[in-house]
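Noted in Swiss-Prot for the protein shown:
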BINDING   12-35  NAD(+) binding site
BINDING   Ser140  substrate binding site
ACT_SITE  Tyr153  active site, proton acceptor
Amino acid sequence: MAFTLTNKNVIFVAGLGGIGLDTSKELVKRDLKNLVILDRIENPAAIAELQAINPKVTVTFYPYDVTVPIAETTKLLKTIFAKLKTVDVLINGAGILDDHQIERTIAVNYTGLVNTTTAILDFWDKRKGGPGGIICNIGSVTGFNAIYQVPVYSGTKAAVVNFTSSLAKLAPITGVTAYTVNPGITRTTLVHKFNSWLDVEPQVAEKLLAHPTQPSLACAENFVKAIELNQNGAIWKLDLSTLEAIQWTKHWDSGI
């Protein structure tokens, strides 16, 4: 079902990162009511830039580290919901690419995303009288087929795709729909230099960037298109400046 962002309230976790900031710029052009950015490091210049793009949109920043205990996330969300009354979309975008940092990669890329999602269900779950909502989780094409030199990062992104597909199937119970946007290799600081697992490939970043990539702005434009298309359970591939819905192959079914 098509979704209009006009007059909507959106929470964007890591909305000041490379793809995140360009996506935030595209979002404010859609005449949101509120864009609430949760990020680890404040960037007043970026917030001011977003506000200047569309002064009709209220842009708010809260410091947030996705690795905090879930109780702290719930406390922050209580503050946001008390102020806005309603939130329409949650975008989970926190991510790091450094396979030297195994525990932190898993904590940021997967556990933090699961915890933030779990926390907002307290406010959205229709079984608790909530209105439902939309979750957009940022995965990666490495969640389909790994960059095998960074198996920890790739593994977390595969987990995001699987978790989100499960959320989508739970929508009749919770009232919360979900889908993933999965960027291909995008020209951001994230991919300019990073560490492979056990240093199996010291030149992994350079080798990736020798192949065709996409600019961050093109990825951001397709990101917002995916939000507007609003297809529960969709697995979107955002690669080489295109947007494509992936048809996932089922190899097994639980039967329940």
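Keep in mind that glycine also has a Cβ here, set from the backbone N, Cα and C atoms.
Everything Swiss-Prot records as a feature, shown here on the structure.
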| residue | record | Cβ contacts under 8 Å, 6 or more apart |
| --- | --- | --- |
| Phe12 | NAD(+) binding site | Gly20, Thr23, Ser24, Leu27, Leu35, Val36, Ile37, Leu38, Ile91, Gly93 |
| Gly15 | NAD(+) binding site | Leu21, Thr23, Ser24, Leu35, Ile37, Leu38, Asp39, Ile91, Gly93 |
| Arg30 | NAD(+) binding site | Thr4, Leu5, Thr6, Val224, Glu228 |
| Lys33 | NAD(+) binding site | Asn7, Lys8, Asn9, Val57, Thr58 |
| Ser140 | substrate binding site | Gly95, Tyr153, Ser154, Lys157, Val160, Asn182, Pro183 |
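Of the listed binding-site residues, namely Leu21, Leu27, the sparsest CB environment within 10 A is found at Leu21. The secondary structure of Phe12 (NAD(+) binding site), as reduced to three states from DSSP, is extended strand.
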